[in-house]
Amino acid sequence: MAADIRIVPCLTDNFGYLIHDPSSGATASIDAPEAAPLIAALEKEGWKLTDILVTHHHGDHVGGIAELKAKYHCRVVAPHDANAKIADADLRVEEGDVVKVGGLEARVLETPGHTLDHISYVFADDRALFAADTLFSIGCGRVFEGTYPMMWESLLKLRALPDDYKLYCGHEYTASNVKFALTIEPENAALQARAKQVEQQRGAGRPTIPVTLGEEKQANVFLRADVPSVAAAIGFAGESAADVFGELRERKNNS
């Protein structure tokens, strides 16, 4: 039976997510940006939280853990490399590990760059990728702890997933990401189409996610750093994809 996924807006622009297994009743929260909205969503659905799957240690992704764990006595799954930064963890995971949420299975991908401990969760049976702050729609996370080559390799790992996977990212940044991407690839038809879609979604007060990875591969300039026309557009023709990516990220940082 397919999982039920709910998007839960938290804080200013964070996305919380609940993924529920109807067959067992198990429910996981992907990160815990803020307890109150997640509790309200759980109570609305009549679900009990059994697990919190943490992607990285930043406060806007773990701030609700203590309250949720106290209320639901749920298991906290965290990156192995987070160590003491996520003290409430009951299980620490690394690349290739599989986390079970009732009958659902999430495969762990290590995706460092934004932070060194960052992981993503792939629910293959439900074609769902929870990438938090590694990959955004039409964007990617800032590189705070890792290096640009490290982040590029993480993006390549996610780009290798099938086109029909749906991306669930950590923040609603898509409109600003589109604005930047159009300065690099103004003639990209897929990006132009996504820009119109995003304008309609935000105008109606709807989230811009999920979006398929297939769409992102065509429209997200940060996933296209190895495309010659992208390198040429920023004066980096002939440079390595990692260097092109780094220049794109620097430009976005300063935009």
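A Cβ is built for glycine as well, from the same backbone N, Cα and C atoms used for every other residue.
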Where Swiss-Prot shows H56, H58, D133 binding Zn(2+) 1, which of H80, H114 is named for the same site?
H114
Of H20, H171, residue recorded by Swiss-Prot at the Zn(2+) 2 site of D60, H61, D133:
H171
Under a criterion of Cβ-Cβ distance under 8 Å and sequence separation of at least 6, what residues of the same chain contact H56 (Zn(2+) 1 binding site)?
P79, A82, H114, T115, D117, H118, I119, A132, D133
Cβ within 8 Å of the mean position of the Cβ atoms of D60, H61, D133, H171: remaining residues of the chain near Zn(2+) 2
N14, D31, P33, H56, H58, A132, G170
Are there any residues at least 6 positions away along the chain from D60 (Zn(2+) 2 binding site) with a Cβ closer than 8 Å to its Cβ? List them or say none.
L11, N14, P33
Neighbour tally for H58 (Zn(2+) 1 binding site), based on other Cβ positions within 10 Å of its Cβ
21
Using DSSP and collapsing to three states, where does H171 (Zn(2+) 2 binding site) fall: helix, strand or coil?
strand
